[in-house]
Amino acid sequence: MELCKENYGPNAMESHNLINSTAKAHEDPSPSDACIVSDMELTLVSPTSETNDNDNGRLPDVVVEAKLPGDDVPEQIQETYFSIAIQVFIPFLIAGFGMVFAGLVLDRIQHWPVFEKVTELVILIPALLGLKGNLEMTLASRLSTQANLGHMDTPKQQLSMIIGNLTLIQCQAIVVGFLGSVVAVVMGAIKSNDVELDHAYLLCASSLVTVSIASLVLGLITAGVIVLSRLCHINPDNVATPIAASLGDITSLALLSWVATLLYKSIGTHDWLAPLIIAAYILAIPLWIWIAKRNLQTRDVLYNGWTPVVGAMLISSMGGLILDFMVSRFEGIAVFQPVINGVGGNLVAVQASRISTALHKQSVLGVLSAVGNEDEDTVIFISPVAAFWGKGTHARTTRVLMAMVLPGHLIFIYTIDYMKSGDTQLSSLFVIVYLCAATMQVATLLYVAYIMIHWMWKRKIDPDNSAIPYLTSMGDLLGISLLAIAFQFLYLVGDHEIPDPGEG
């Protein structure tokens, strides 16, 4: 190893210094690194007293420990219950109020002419909101992991990472948004035994415009939150995913209702508008693919990241079919759908992002760090008792997240009740049944998240790209199913205070 003489002087070069380099050899060492010490972190170890007594005018021997940049992951700050709760709960509340307003928007737009005439739009809503959540939360998880690993500390790194990921989610949004609209058309056709071409064009065009604009705006907000979190020394895993969801649902619903209404009014006068929009977006796909492929940070996801988002879209579409059926029976269910789905999705996304970051820091993809002689299957398939009451970091986070379910939902449902009527009290039975459904949903998701993410890691599937879409879509399906069961139960036991927008 060659040292820079101008840094130490000729006398230092002549002394019998002991240089102990602990830097690991890189896979592709560069022969041009003539002065490698200048790029290393040097630690000087104090010389012994014997050396100091007998230096004979020479510089004392020093031990230099050198570490190359990037050899070590940034030191993990030990988080307490309080720090996790504060960092998660504030964004969680912000996101929750965003979902409350999304529920109020959905409650209002379900009676608009376009939603009553084109009923497939109701089937599309959970898939569309789920797709938006999947893309933005996956983006947040991916960028949070990179930020925690120290790969987003310079403006150049940030720009490359953000541009590549925004291009990637634009491509995914267009493709999966189109597929989602096709699935909604097919499900609507099965339900009504009829397909109207104008309505199919309207559905596809509305879906494409909504997911494209929403993904761009929300992607920029998510990236900004992560960069700001690093500057403020806040763990982005705790705040990025809830913030990403805070404006997502209401933005997507507002865009969908606005675009669908405009296209519905154009039927019969500008029939070419919807097909033109569809064609323009489909022709733009190769451009987004080309840009994303050129970026090293997103190339692998471009090739391997489609199965989770497409699978999640299909799962959410089943939830949409349930919602379409239940809205015809209980109008009041629509206002609670974004809230119960959003809360579960946000909390499990925080847990998924944290577990994924921890795995990236502890070991390489495909290797699980087992304790003692534990079998890796034991690490993956843990019991519910260990998942919720264990002593590990993830169990502690699980308890913190579970503690937010009841107070969070109480705040949100009473906010909905106040904004809907103001003078009508929710029945105690409704609140109890609703909270039971919400607690079951979140507990199931958090337990499944631990197993799924470790299972993916063992099989060399990056959970940052794959876990959140499956988990949030499962949350959508589970949330709307439990909500439907809750409303049906209340109806059967004769609770006549089931929330109904028609009574307000």
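Using the three backbone atoms N, Cα and C, a Cβ is placed for every residue, glycine included.
The transmembrane segment annotation in TrEMBL covers 81-106 (among others).
If you look up TrEMBL, you'll see 125-258 (among others) marked as domain 'SLC41A/MgtE integral membrane'. Counting residues of the domain 'SLC41A/MgtE integral membrane' (125-258) by DSSP class, helix then strand then coil, yields 119 helix, 0 strand, 15 coil.
Per TrEMBL, the feature transmembrane segment maps to 162-188 (among others).
Beyond the ends of the transmembrane segment (200-227), by six or more residues, the same chain brings 114, 118, 120-121, 124, 128, 131-132, 135-136, 139-140, 143-144, 147, 152, 158, 162, 165-166, 169-170, 173-174, 176-178, 180-182, 184-185, 236, 239-240, 243-244, 247-248, 251-252, 255-256, 259-260, 263-264, 267, 273-275, 277-278, 281 to within a C-beta distance below 8 angstroms of the stretch. Residues annotated as transmembrane segment in TrEMBL: 200-227 (among others).
Residues or ranges marked as transmembrane segment in TrEMBL: 239-260 (among others).
When Cβ-Cβ distances below 8 Å are used as the criterion, the transmembrane segment (272-291) is approached by residues 167-168, 170-171, 174-175, 178, 198, 201-202, 204-205, 208-209, 212, 263, 266, 302 of the same chain, each at least six residues removed from its ends. Look at TrEMBL and you will find 272-291 (among others) tagged as transmembrane segment.
The transmembrane segment feature in TrEMBL is assigned to 303-323 (among others).
TrEMBL lists 337-485 (among others) with the feature domain 'SLC41A/MgtE integral membrane'.
Residues of the same chain lying 6 or more positions beyond the ends of the transmembrane segment (400-419) and with a Cβ under 8 Å from any Cβ of it are 81, 84-85, 88-89, 92-93, 96-97, 99-100, 103-104, 335-336, 339-340, 343, 347, 350-351, 388, 425-426, 431, 434-435, 438-439, 442-443, 446, 499. Per TrEMBL, the feature transmembrane segment maps to 400-419 (among others).
What TrEMBL records for 431-453 (among others) is transmembrane segment.
The transmembrane segment annotation in TrEMBL covers 474-494 (among others).
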Any contact, the transmembrane segment (431-453) to the transmembrane segment (303-323), with at least 3 Cβ pairs under 8 A: no
Stretch-level contact, the transmembrane segment (81-106) and the transmembrane segment (303-323), CB cutoff 8 A, at least 3 pairs: no
Beyond the flanks of the transmembrane segment (239-260) by at least 6 residues, Cβ under 8 Å: 87-88, 90-92, 94-95, 97-99, 101-102, 105-106, 109, 112, 114-115, 118, 121, 124-125, 128-129, 132-133, 136-137, 139-141, 143-144, 202, 205-207, 209-211, 213-214, 217-218, 221-222, 225-226, 229, 338, 342, 345-346, 349-350, 353, 468
Spatial neighbours of the transmembrane segment (303-323) far in sequence, C-beta under 8 Å, 6+ residues away: 122-127, 129-131, 134-135, 138, 168, 172, 175-176, 179-180, 183-184, 187, 333-334, 337, 341, 465-467, 469-470, 472-474, 476-477, 479-481, 484
Other parts of the chain folded back onto the transmembrane segment (474-494), taken as Cβ under 8 Å at six or more residues beyond its ends: 126, 129-130, 315-316, 318-319, 322-323, 326, 329-330, 332-333, 336-337, 340-341, 344-345, 348, 429-430, 433-434, 436-438, 440-441, 444-445, 448
